[in-house]
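S.K.: Below you will find the structure I want to go over with you.
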């Protein structure tokens, strides 16, 4: 009883609101426009988010804490001899992969000379600045002798060239560790790709070679010069590619990911314009009909204007509050399109149900009372679900900003639908009541006047006048609308046909089966190439890198951050046991082997060991650079202690995905907790991968919980709590299907797809809630009758919004970007699966599942009885005939 009273009270409030807006249409039409112009004007000076890590890496990440600890122990400049400065931070750098179209050996004389020629061209790049030209030598990472450090593979190629020049045949390159002429053992697993080896790891051929050039960025000027050098680096490599067409070169810099991420917005512009034109055209067609008075093409256009004003207002607010634009915002207009269009079409559908002999204010009041309650509840659902996503509980900044922007846009869309679109409905209502043309606003002449006009004139000004409409036919004045006619005369009877229902149920079982198959194969996607434009350096470089350099994992830093008994042989064995199964690029193992060759025991007293350790660096030059992997601490009695050390590991792997690396990270993390030695592991990619799955699922998990809570709470607001039960089951069915089918469509669970799934919850409620509400609240007639009635009342609005939404999505599929490809596939599946439930699954299932309906019983009482009037008539043959005239 309380629910019914509250329901009627809310309808009354919305009715009065509609009457008030209809009384002041000019104010409510102009105020949203002025607000949008004032707030949206600031968006002309929007800022772009430069940091991809800030957007896509989990904010509260253990890897970031580990990176800070590593930086405090081993600053970047202490890593320069190893060229592993990117272990702490990628910094500024330029990389290039050189390969051949014909899978040639890149270590032969021709290609070796070509690669060294490319190396020389890169080192001669100049960055002009006022008064000085910077070259690679001015901004490179410097050695102790103040010379630039380059990849060890360059030294290998130079030694190979010299060996050929002097006809030396004893020079051999081993893989993945080789030795230079100065005795140093260097790792080349990430510099040689597509390697074929002889016995004892001797390299026979290599299909690809990678060179890396690290740059300094110690201050703002240095960073600016390094950034311009990276741009010149790409231009130089491209020019070199043009002059050497037989090789394929893939350049990549530290700025490539950011630039290619932002490129999605630029390449999407013309496709978004095409999408807007298609949506405008479809919206106008959906609101048009042959009757030129009752047709509402302007309302289709003004509905899109309402959505645009709300989106512009939200963008202005985000910009004024310090927010920055990023390419994930491309999904916000489509979130607005799905919600806003259905709300406007539902109001238009309610307008068609009002009586034409009423005043415009009364008709508007009925529209608000009929449609605004459900629209308010679905808007509240949007605000709650996206609001949870915008909260600090969301660990990925891109998802949080997207949800925040969507919340603001949806709130203003709701206000603008109430005010701007409601006022537009009032204006078109006055045009209709005055029998003016819906487009040209010209008075439509009477039928007798039209008969004297040409055929084309009669076609453009066809309308039905009230005096031409027989009593009882007023409700059918809008049946000339194509979609109304299609649903009422054909589709409703067909979908509820007894012979159609089994096929629909069978089709639903097939749908569930394929969805389950895809659901069991869901995988999290943390590959950053999934968010950039397709024809870019990032995609080309990543593809080449996965093809040629997938034998070994990225270099992982193994850091011991406590003072342990390094001189104890058992401790040494423990450390080596922890790194068992890895290729160790470490000072520890190499140095111990060196000591063993000298027949020196490693089980020494602490002081003797540290003294020998420091002295051996001077006696063995090949180990001198290992000093940078050890931190000494001098105590009060001149005793030296090793307080921290590190080694570098790579894992043998043939996998091209990131799941194995994530599993490796988790394994090492668990080992660090239970081991006797305190250590951490780190690689820059860990910042993006660390807790990615839990961080990614948090917004969706929280949104689902908030949606269920709101559905439970709204059970006290709606007239029947069974409505919420059906809505919950429908949402579960739709989301389950979307997750399953997007997996089969090769869409991973990443930031974009999770945001789409949050939107899918609301989109399903948007379309299914009014349909289910009308069915559940229906009394007296059979289930089939109320299914037909629900489709007739709300089906047109659902179909109109679906058609506009789909034609708006199609241009998105053609955008050359992985981000928009994921966006299109997810949104298309959400729209299609929801449409499938609204027009096939629910109409069939509701005909034989609760709630039950009672057939109307005829009541015989004085107010409702049959009166039979008998009239006696005589024919020519004097035969009596009784004609019964029945009046109810």
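Backbone N, Cα and C atoms are what each Cβ position is placed from, and that goes for glycine too.
Curation plays no part in TrEMBL annotations; they are all automatic predictions.
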S.K.: Which residue range, 499-520, 521-542, 543-564, 565-586, is the one TrEMBL calls transmembrane segment?
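M.R.: In TrEMBL, the transmembrane segment feature sits at 499-520.
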S.K.: To which of the residue ranges 757-778, 867-888 does TrEMBL assign the term transmembrane segment?
M.R.: 757-778
S.K.: From the ranges 220-236, 237-253, 254-270, 271-287, grab the one TrEMBL calls transmembrane segment.
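M.R.: Checking TrEMBL against the ranges 220-236, 237-253, 254-270, 271-287, the transmembrane segment one is 271-287.
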S.K.: Return yes if the transmembrane segment (271-287) and the transmembrane segment (330-351) have at least 3 CB pairs under 8 Å (sequence gap of 6 or more), otherwise no.
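M.R.: Yes, the transmembrane segment (271-287) contacts the transmembrane segment (330-351).
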S.K.: Averaged over the domain 'SSD' (268-427), what pLDDT does the prediction give?
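M.R.: Computed over the domain 'SSD' (268-427), the mean pLDDT is 91 on the 0 to 100 scale.
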S.K.: For the transmembrane segment (330-351), which stretch among 725-745, 757-778, 790-815 has the most Cβ pairs under 8 A?
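M.R.: Checked against 725-745, 757-778, 790-815; highest Cβ contact count belongs to 790-815.
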S.K.: Taking residues 6+ outside the transmembrane segment (299-318), which of them lie with a CB under 8 Å of any CB in it?
M.R.: 32-33, 35-36, 38-43, 46, 276, 279-280, 283-288, 332-333, 336-337, 340-341, 344-345, 348, 401, 404-405, 408-410, 412-413, 415-417, 420-421, 424-425, 428
S.K.: Does the transmembrane segment (757-778) make contact with the transmembrane segment (499-520) through 3 or more Cβ pairs under 8 Å, each pair 6 or more apart in sequence?
M.R.: no
